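Here's what TrEMBL has on this protein:
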- 19-34: compositional bias 'Basic and acidic residues' (COMPBIAS)
- 1-34: region 'Disordered' (REGION)
- 50-71: transmembrane segment (TRANSMEM)
- 182-200: transmembrane segment (TRANSMEM)
- 266-284: transmembrane segment (TRANSMEM)
- 304-327: transmembrane segment (TRANSMEM)
- 348-368: transmembrane segment (TRANSMEM)
- 420-439: transmembrane segment (TRANSMEM)
- 487-509: transmembrane segment (TRANSMEM)
- 521-540: transmembrane segment (TRANSMEM)
């Protein structure tokens, strides 16, 4: 029966678009005539609702972008800083991304700039890299083209143009979430509440405060647009023009998202799993779901070709899953004539797809040479307790806050803003309704072509079911890794806002409660307006003063020691100098001075990971000779030691850089349950400051301030006392 219901859905899907478009106005006219309304009146009403909704969505996005720009100015005093002081605000990997943007603008032509990036040998010593492929520099390519093509050189400084694009994309991000909630609930009041919750919980919805050029800040707005378009595409009874528009937008945004972020295919894999479960229970039109699968395949193939034959896309779980789904569905369709076999295949469908996907992924990894993201798999093994390691890089990653389980403060913040309680309420109602629908489908009951308000069956709407599954999967990831909250929390805002503003959700609840004292439809309509209004006023009263305080307070961000270090390097260091130190500092040195460095804060390349670990040995208990050999093997000519790392007093003992190095080097001795670091050599970063042999034979101090000590690595070693 379930398979016959799916066949009915497919048959209905095959109706001609023109016919459905003709039927829709006739049905609306009949309904309007019953209510005593003219078609012209209804057309004006619909146009006004659409106009003001779009105006509210665009205004929300623009105001959020202006808010981010104002907050950034207040935090860093950007307009009153010199160029060097501005660039220092870009830390770690952000500094590297922006440095390549600067190099593109300095190149004599765009073509020459791209060539120098794809054959880059001026960033990392003894290493030529394709920076565009390895660091996913497509956002910088686009930004540099727009800056030069728009003639902005005489109007705005490059740094303002760059961060302005990122802030603008965040505005699009918020607008897309607004539209998604609006499409699901039917009222743009849900969109306003989504934006309010997103901004109030900004600490947990975006990393824009900490790392403006990070890849996810460029990519996630496109994913939000894709989700908004997919939401509309999955809706029932969508007219032909709207369906085509949504389909094209899903196409464009999926491909763009994949080009902007190297880990995008993992997030699309989670989305594909959601669609797979949606289709497995015949809760959506199969043809639409398979059209989305084709979009994934197209984006993967095109991304592989344009990303310099990126093998990571070929061995990605997304490709294996989509290929398995297409193969399994073909097999199922070929066997549909036999009723017994069809039912058997329907029961075994999930098992079949998973088996084929895992097998296909295993075969692809066997025959396609790849090194990308191997460290990610090793990290997952250690994180899940399947393996243990003393490796410095793995343990350092495990100690990062973003890779820990979320703290209680995270849930407390979501609860204080009332987001978490309403999300749980909406999720429970939707989940129970979806469960009811699944049992009806198993019994062979067909889905209703049109779900009316009085039906109280919100779980029969495919776009709702998709979002319920999607947020649950993202939530499971967020419960394991705190960094995943930036993917989950925005859609928590959207789903919670949709729920409290949706009369259908309240009607579904009242159907279960069997209310008789009050007319359930009337009460559902009242609550869908009253509840979000009350939430909005309470949020305004409590959080609006805090937001205004953020914008009016002048914050001081100034790092004179780093400014002095960069100034000294630019004035005193030879042009051919190569600097060695912590990867995070090397990124800033590369951006602010342009000098070559020996390592970078990148974690997708095995060679760079090994370099980082080796150069971090300057904070270990190794001999001067060992450190000298390591540094000269990378042709380093200057060494920068950071006092903050050397004398680090971390909140978690065992997660400091020097502790991790002692563990990796076997310099830790366990006695009566306590760990002690032991080595016949003192800690290098301490000993070198003492200026005694043999350290002075290998290294000569040339500059220091309160935070940094710079040593020239001697090319001629003297052992005279």
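Each position is counted from 1, following the chain as shown.
Quick reminder: no glycine exception, Cβ is built from N, Cα and C everywhere.
Note that the coordinates shown come from a computational prediction; the quantities given were computed from them, not determined experimentally.
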Long-range neighbours of the transmembrane segment (348-368), counting only residues six or more past its ends (CB under 8 A): 276, 280, 311, 314-315, 317, 319-321, 323-325, 327-328, 331-332
Long-range Cβ neighbours of the transmembrane segment (487-509) (under 8 Å; 6 or more residues past either end): 173, 177, 180-181, 184-187, 189-191, 193-194, 197-198, 201, 204-206, 220, 224, 227, 267, 414, 419-420, 422-423, 425-427, 429-430, 433, 451, 453-459, 461, 467-468, 470-471, 474-475, 477-478, 520-521, 523-525, 527-528, 531-532, 535
Of 182-200, 304-327, 420-439, 521-540, whichever stretch has the most CB pairs under 8 A to the transmembrane segment (266-284): 304-327
